[in-house]
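Chemist: The structure under discussion is supplied below as structure tokens; questions concerning it will follow.
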Amino acid sequence: MKKISILGSTGSIGTQTVDVVRANRDKFEVVAISANSSVDLLLEQIKEFRPKYVAVYNENSAKKLKENIPTDIKIEVLSGMEGLKTISSLDEIDILLTAVVGMIGLVPTLCAIQKGITIALANKETLVTAGQLVMKEAKKYNVDILPVDSEHSAIFQALNGESHKTIEKIILTASGGPFRGKVKKDLLKITKNEALKHPNWSMGRKISIDSSTLMNKGLEVIEAKWLFDVDYKDVDVVVHPQSIIHSMVQFNDSSIIAQLGCPDMRLPIQYALTYPDRILNDFERLDFSKMSTFTFEKPDLETFPCLKLAYDCLNQGGTYCAALNSANEILVNEFLEDKIGFYDIPYYIEKTLEAHNSISEPTLEDILEIDRWSREFVKKSIK
Ligand SMILES: NC(=O)C1=CN([C@@H]2O[C@H](COP(=O)(O)OP(=O)(O)OC[C@H]3O[C@@H](n4cnc5c(N)ncnc54)[C@H](OP(=O)(O)O)[C@@H]3O)[C@@H](O)[C@H]2O)C=CC1
Ligand SMILES: CC(=O)[C@@H](O)[C@H](O)COP(=O)(O)O
Ligand SMILES: [Mn+2]
């Protein structure tokens, strides 16, 4: 039995993790769950899985949950950042599946690493914000960071048994998002509902908007750089609208190894939870006889400047990626609240990056301060 704690059990990745656990009750035990404020869903998960701990970030929601837990259920209810840190670093857990959205996942993930707990990482913003620091700590505490993001799981699988020295480049596939093939003038007035319609994946709202701007791919280039310890110039992006090839690795003998599958996040979640084993499931199988086309294109950096901004931040180093991420988190939120337009996202990110004073070799405190500054800068700039 692997004992699991889930950060963000009520979201898109969180509920699919719960599905994987539900199908394999003999292999996994859910020890702790958490969310920001989704009390009703947490209550259902508590009744079904009987975890020992639940952490609710929002204090009022924590209070509400406590009042509604049936008296015959024994569970410790925690709240705030302390609650997230506690359920991430419990002595009794084997693996932390981090599926919160945003860099709020950073500190709890670091706490888990410092306790030697294996990380199944969906929360890409953690590595985007503090990749250097997180990977350094993981090395120090000899902790595996197992990717859940579909592209990174594909790369991880392609690298199985290979020597790091032989990697020539990583080829990240991108769906192109809902606006693939459009040009800037078509997108000036698009709405959040259009941006939320991802062609292949059903995901949370933040990552869906990131996919529509191609910022998701930018964040994934940064994530790949840190996870696989490669130069960012060796991470290429190719648009593959079918989302069947989840990513590829090219080796020094010109061979390319890819991982393919139907778009279903339960597969990379399951692989991270069972690694190094594979287990049987009933997920849909690919049928090549029914697939007529596999296509590939170059990403359009003029229409989707966010991807280029992410590469620029990697080139600059220091805290540029942290500033990019925090600005993007605020701007996506503003876009989702109809307060700004689609192209305001790259516009204000660029303004933030221009005004930002980068710190090389940042500490956690430096990164948290850059995060605070970037958020405030963006909010003031929008006003
Ligand atoms: N969805 C997908 O298919 C994929 C997602 N990812 C990455 O996985 C992460 C999660 O994405 P996704 O599942 O789509 O996001 P969702 O928005 O669907 O879910 C987010 C989860 O985080 C919780 N949460 C939000 N804020 C806090 C907080 N302050 N404290 C504690 N919990 C919080 C939410 O709780 P509540 O319900 O209370 O709001 C919810 O459980 C992101 O980093 C994303 O980029 C990567 C690859 C694919
Ligand atoms: C499922 C997953 O891993 C997402 O990150 C997905 O890749 C988003 O699709 P895009 O390729 O459109 O960003
Ligand atoms: Mn992805």
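Cβ coordinates are placed from backbone N, Cα and C, and glycine is handled just like the others.
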Chemist: Which of these, Glu76, Glu82, Glu220, does TrEMBL say binds Mn(2+) at the same site as Asp149, Glu151?
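Modeler: According to TrEMBL, the candidate sharing the Mn(2+) site with Asp149, Glu151 is Glu220.
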Chemist: Of the candidates Lys124, Lys136, Lys233, which does TrEMBL annotate as part of the 1-deoxy-D-xylulose 5-phosphate site that also includes Ser150, Glu151, Ser175, His198, Ser211, Asn216, Lys217, Glu220?
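Modeler: Record check against TrEMBL: 1-deoxy-D-xylulose 5-phosphate site with Ser150, Glu151, Ser175, His198, Ser211, Asn216, Lys217, Glu220, extra candidate from Lys124, Lys136, Lys233 is Lys124.
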Chemist: Where TrEMBL shows Thr10, Gly11, Ser12, Ile13, Asn123, Glu125 binding NADPH, which of Gly177, Gly181, Gly204 is named for the same site?
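Modeler: Of Gly177, Gly181, Gly204, Gly204 joins Thr10, Gly11, Ser12, Ile13, Asn123, Glu125 in the NADPH site that TrEMBL records.
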Chemist: Just to be sure I understand the packing, how many Cβ atoms besides its own are within 10 Å of the Cβ of Glu125 (NADPH binding site)?
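Modeler: Counting Cβ neighbours of Glu125 (NADPH binding site) within 10 Å gives 25.
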Chemist: Over the span of the domain '1-deoxy-D-xylulose 5-phosphate reductoisomerase N-terminal' (4-131), count residues by DSSP class, listing helix, strand and coil in order.
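Modeler: DSSP classes over the domain '1-deoxy-D-xylulose 5-phosphate reductoisomerase N-terminal' (4-131) add up to 62 helix, 28 strand, 38 coil.
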Chemist: Mind checking which of Gly11, Gly204 has the fewest other CB atoms within 10 A of its CB? They're the binding-site residues.
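Modeler: Comparing Cβ neighbours within 10 Å for the binding-site residues Gly11, Gly204, Gly204 has the fewest.
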Chemist: Would you list the DSSP helix, strand and coil counts for the residues of the domain 'DXP reductoisomerase C-terminal' (260-376)?
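Modeler: Within the domain 'DXP reductoisomerase C-terminal' (260-376) the tally stands at 66 helix, 2 strand, 49 coil.
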Chemist: Filter the binding-site residues Glu151, His198, Asn216, Glu220 down to those with CB closer than 6 A to an atom of ligand 1; keep them in sequence order.
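Modeler: Once distances to ligand 1 are taken from each Cβ, none falls under 6 Å.
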Chemist: Which one of these binding-site residues, Thr10, Ser12, Asn123, Asn216, has the sparsest Cβ neighbourhood, judged by other Cβ atoms within 10 angstroms?
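Modeler: Looking at the binding-site residues Thr10, Ser12, Asn123, Asn216, the Cβ with the fewest others within 10 Å is that of Ser12.
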